[in-house]
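Student: I have a structure here, written as C-alpha cells, and I will follow up with some questions on it.
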Amino acid sequence: MNTQILVFALVAVIPTNADKICLGHHAVSNGTKVNTLTERGVEVVNATETVERTNIPKICSKGKRTTDLGQCGLLGTITGPPQCDQFLEFSADLIIERREGNDVCYPGKFVNEEALRQILRGSGGIDKETMGFTYSGIRTNGTTSACRRSGSSFYAEMEWLLSNTDNASFPQMTKSYKNTRRESALIVWGIHHSGSTTEQTKLYGSGNKLITVGSSKYHQSFVPSPGTRPQINGQSGRIDFHWLILDPNDTVTFSFNGAFIAPNRASFLRGKSMGIQSDVQVDANCEGECYHSGGTITSRLPFQNINSRAVGKCPRYVKQESLLLATGMKNVPEPSKKREKRGLFGAIAGFIENGWEGLVDGWYGFRHQNAQGEGTAADYKSTQSAIDQITGKLNRLIEKTNQQFELIDNEFTEVEKQIGNLINWTKDFITEVWSYNAELLVAMENQHTIDLADSEMNKLYERVRKQLRENAEEDGTGCFEIFHKCDDDCMASIRNNTYDHSKYREEAMQNRIQIDPVKLSSGYKDVILWFSFGASCFLLLAIAVGLVFICVKNGNMRCTICI
C-alpha cells in the first residue's frame, strides 16, 4: 500500500534587531539643586557657589604701605594730640584705625566728623604746609594738663590763643591764608567753650566773643557757649573743631576776638588709600584687596555674606548665605535598573529618557550597538560649544554686580560727603536691593544655562537626523534604528559628521521594504510565535484527517466501530 504523507512547515520570519545609535547627555547620580526664574530646586550636573562665607582673620598688608594708627584716632592726624605725634605726616595705601584710638586730648568733638573721616580714609596720607600766621599782643602758648607730653601741652597742629594776661582784653584780629598749591587744602580750626563765664573772662577778657570764618564757598560765624559740664580728662570745657576744603588759589579769612583755636598748618591729601576700622592682627605675608573689621576677604566670588561694611575691591554683601550658579546641564539621573540591564540592544536609551552616568569625558555623546558590540563616545563639538558659552559665566556675573553696585556706592558716597554720614536704614535698604538683584541675576544665568544645554542637545540631534535621512528611523527615545549594516567606522562617521548617506542608500531601502510590512514591537513577538505554532499544528491535523478520509473513500482503509 502506497501511503503519501505531506509535511508543511510554517516559517515566521522575524527581522533581527537593526544597528542602532543613540544620543545622550552626561548625568550624575547626585546633582546639585539651583533656582531659576521659573522654578526652584532644579537639579543640575554642576553648580558653583557665588556667596563667600569665609575670610582670613588678619589684615593682609603684603605689597601695601600700611599705617597702623594704634592709639591715635584718624582725625587726630590733623590736629595733633600727643598720641598722634608720629602720624602728623604720612603716606599710606592702607590706614588702620583701632578701637583704642582717640582723636582728642582736651575734650571736644569734630563737626561733620564722619564726612571728614571718610575723606581722610581715602587720602593716601597727609602732607602739611605752614599757614604763616604771626601774632602780637596775645599769648600763643596755651597748654592743658589734658594733653600731656613731658608736661602740660596742647595739640601740635593748633595754637591756643589767650589774652596777654589773665582777664585782659583780647584784641580784634584778622588772619588770612591763601592756598597757592594745585591741590585743595584741608583747614581745621577750633572754638573753645569754657567751663564757666569766669574762666572765659580769665582767658579772653570780658565781653561777647565772636569768630567769623569765610572763603569763596564758605561763611560761618561762631559764638562760644561757656557753661558747666561734666569733667573729662580733668576739664569741664570743650573744643569744637570745624573744617573746610579750600580750593587752589582761594583764600580763607579768620576774624576773632577770643575763644579761637587757630590752625598752625594746612593739610594736603597725598593720593588715594583705603581706611578700615579693625582690631585684628596685621600680617605682611598675605595679600588682600577687601577688608572688614574681622580681617580680609580674599575671595573672587561676586557676593559675600561676611560683613556689610567691607571696603575695597570686595564681593558685594548679600543677605543670602548661598546662591548656586549652574555651570552644567539639567541632571536626569539614570535609573539603577537600566544600568544593570544595559548590554542588550533594547536597553540602550537616548536623551529623551535619561542621562548617562558613564559619559564622563563630555556633556553630550553617542551610544551605539552593531555586530561588533557596543560603544560610548562623547561629542566634543557640542560639548565645547556649551562650555565656551558657560566658561566665564562667573566672571560676567562679577562684572554685572560690580557695575551695578559700584554705581550705587558712588551715588551714596557723594551724598555722604554732603550730609556728613550715611543713615543706617538707608544702608540696610541698599543691602535689600543688592540681595534681591543678586538672586535675580543668578536665577537668570541659571535659566540661560539650562536652556543653552537643551539647545545644544537639539542641535546635535538635528545634525544626526540630517545625515541619516531615510537610512534610519528615530524611535522616539533619542535613538536611530539604522536600516543597513553599520560597523564601527560607519558609526564613527555619523559621530564625526562625515557619514555618506548615498553609500548605504540602496541597502537601507531594501531592508526598509522587508521590515516595514511586518514591523513589530518586541512586546508582541511572543504572541506571534505562539500563534504561528498553533496554526502549524492545526494545519498538520487537517492534512492528517484529509488523508484518512480519502483512504476510507477509496477503500484503501477501513474503519470498524465496535460497541
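One-based numbering along the chain as shown.
Using the three backbone atoms N, Cα and C, a Cβ is placed for every residue, glycine included.
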Student: Which of these links to C60 by a disulfide bond in Swiss-Prot: C286, C290, C314?
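Tutor: Going by Swiss-Prot, C60 is disulfide-bonded to C286.
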Student: Pick from C22, C72, C147: which one does Swiss-Prot say forms the disulfide with C105?
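Tutor: So the cysteine paired with C105 in Swiss-Prot is C147.
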Student: Could you state the CA-to-CA distance between C60 (disulfide bond) and C290 (disulfide bond) to the nearest Å?
Tutor: 9
Student: List every residue in the same chain as C314 (disulfide bond), at least 6 positions away in sequence, whose Cβ is under 8 Å from its Cβ.
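Tutor: Same-chain residues close to C314 (disulfide bond) (Cβ under 8 Å, separated by 6 or more) are E289, C290, I297, Q304.
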Student: If you count other Cβ atoms within 10 Å of each one's Cβ, which of the glycosylation sites N30, N46, N141, N249, N496 has the most?
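Tutor: Result of the Cβ crowding comparison: N46.
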Student: How many Å lie between the Cα of N249 (N-linked glycosylation site) and the Cα of N496 (N-linked glycosylation site)?
Tutor: 75
Student: Using the alpha carbons only, what distance in Å do you get between C486 (disulfide bond) and C147 (disulfide bond) once rounded?
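Tutor: With the alpha carbons as reference points, the distance is 97 Å.
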Student: Looking only at DSSP and grouping its letters into three states, which state does N496 (N-linked glycosylation site) belong to?
Tutor: coil
